[in-house]
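Reading through the structure tokens given below for one structure.
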Amino acid sequence: MGSPFKDHHTLHPSLVRKLIPWTFYAMVPLVLFRVYLYPYPLHHTTTTILTSSPVSPPPALLEDETSCDYTDGNWVPDRRDPLYNGSTCGTIKEGQSCIAHGRPDMGYLYWRWKPKQCKLPRFEPNTFLQLLRNKHLAFVGDSMARNQLESLLCMLSSVSPPNLVYRDGEENKFRRWYFESHNFSISVYWSPFLVRGVEKSNTGLNHNQLFLDHVDERWAADMNGIDMVVLSIGHWFLHPAVYYEGDQVLGCHYCPDLNHTEIGFYDILRKAIKTTLKALVDRKGPNDNGFDALVTTFSPAHFEGDWDKLGACPKTEPCKEGEKTLEGMDAEMRQVEVEEVEAAKMNSVQLEKFRLEALDVSKLSLMRPDGHPGPYMHPFPFAYGVAERVQNDCVHWCLPGPIDTWNEILLEVIKKWEYASRREQ
């Protein structure tokens, strides 16, 4: 299936000639308006920034844009092309570059999330960079955190190319980019539990170990140099694991060969988030410069069959309203995360410059079974016919794809915070 607007790219030549003069005169006031509101250049500057850049006013913010229930809405057709593609963005993980890997249908690119009560604007890369000028944003968590980070990097790269300034570890699990144009850094930290953990391996443990009363210092040790953090975990809690608290075994999840009590993973996820948010409040809450934190809620998978069979996630369009309901494990994981964010907000209410929100993307993600790589996690999987086993990724998201909407909402949360800060001044 192609774009639902497959013919919208074609214009008759005579119509084009008529439109050009009109377009020119129509653009003049728009250009002047943009220069007035957006003083920063659209393209990457070569000026070397050795110290913090002076903070200039961010774009004008409208009060009616700062309050919205983004969870209540629908996916509607959208004529506009994505801000980037596999050839214009070099940070897309190979397994999420669906078009470059031969995915034939393009329709999944032409939808936008429309909240029922308000407007969700298209992502504005310049606005994001202006609001985060002189700051360091970190994405911390599992591969969904990395997926969201790479989406954001690609959209920002459409106006200002970043420089990769740090890399450590296998599979690009720890990286940092620098936007010289705005003295702005973005990092990604691999920490699938947020708390201290030992991951299972092919040569060692056949289960994970989690130490629930200790935050993972692999990322937390850098907290003093971070201004905003986006936390994203969940899927790794489904794996077999043994849990420790106070140096004692608390229990386990799916450990039939061990003499431990089976306690599942919902309460463990809650403890991990609670420990993490408490560490943020304790270490960054008293900071006079302020600190912002967001928790991206659980993103449902869309397996409709065996992961290694053709058709594991075959959909090519979003779900319609009422077609799917957030329930079971997906709903429980989201609820735990939202509840712990609200509890941490109550515990930090006296900290004026500590801001915390849940980036609630569970429902809108549930409604996009068409947005996963599926078999196109590998290049041209059917070039030699359909094999007996076809590996599918029905968890992560194609880039570009529905996950770009997460960062549109992220920007709106930041704009809401900025508006509140201005109003208080």
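Counting starts with 1 at the first residue shown.
Glycine is no exception: its Cβ is also placed from the backbone N, Cα and C atoms.
Feature list (source: Swiss-Prot):
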| type | residues | note |
| --- | --- | --- |
| TOPO_DOM | 1-18 | topological domain 'Cytoplasmic' |
| TOPO_DOM | 39-425 | topological domain 'Lumenal' |
| DISULFID | Cys68-Cys118 | disulfide bond |
| CARBOHYD | Asn85 | N-linked glycosylation site |
| DISULFID | Cys89-Cys154 | disulfide bond |
| DISULFID | Cys98-Cys398 | disulfide bond |
| ACT_SITE | Ser143 | active site, nucleophile |
| CARBOHYD | Asn183 | N-linked glycosylation site |
| CARBOHYD | Asn259 | N-linked glycosylation site |
| DISULFID | Cys313-Cys394 | disulfide bond |
| ACT_SITE | Asp393 | active site, proton donor |
| MOTIF | 393-396 | motif 'DXXH motif' |
| ACT_SITE | His396 | active site, proton acceptor |
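Positions of Swiss-Prot features highlighted on the structure.
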residue : record                      : contacts (Cβ under 8 Å, 6+ apart)
Cys68   : disulfide bond              : Pro115, Gln117, Cys118, Lys119, Leu120, Glu412
Asn85   : N-linked glycosylation site : Ile99, Pro400
Ser143  : active site, nucleophile    : Pro192, His235, His396
Cys154  : disulfide bond              : Leu83, Tyr84, Thr88, Cys89, Thr91, Ile92, Leu399, Pro400
Cys313  : disulfide bond              : His302, Phe303, Glu304, Pro369, His372, Gly374, Asn392, Cys394
Asp393  : active site, proton donor   : Gly95, His372, Pro373, Gly374, Met377
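Across the motif 'DXXH motif' (393-396), DSSP assigns 0 helix, 1 strand, 3 coil. Residues 95-96, 143-144, 147, 235, 299, 301-304, 307, 312-313, 369, 372-374, 377 of the same chain lie 6+ residues outside the motif 'DXXH motif' (393-396) yet bring a C-beta within less than 8 angstroms of a C-beta in it.
In this structure, the C-alpha atom of Cys398 (disulfide bond) lies 29 angstrom from that of Asn183 (N-linked glycosylation site). Per-residue pLDDT, averaged over the topological domain 'Lumenal' (39-425), rounds to 91. For the glycosylation sites Asn183, Asn259, the largest tally of other C-beta atoms within 10 A is found at Asn183. You'll find the Cα of Asn259 (N-linked glycosylation site) roughly 44 Å from the Cα of Cys98 (disulfide bond). With every protein chain in view, the residue among the disulfide-bonded residues Cys89, Cys98, Cys118, Cys394, Cys398 whose Cβ has the most Cβ partners within 10 Å turns out to be Cys398. Rounded to a whole value, the Cα-Cα separation of Asn183 (N-linked glycosylation site) and Cys98 (disulfide bond) is 32 Å.
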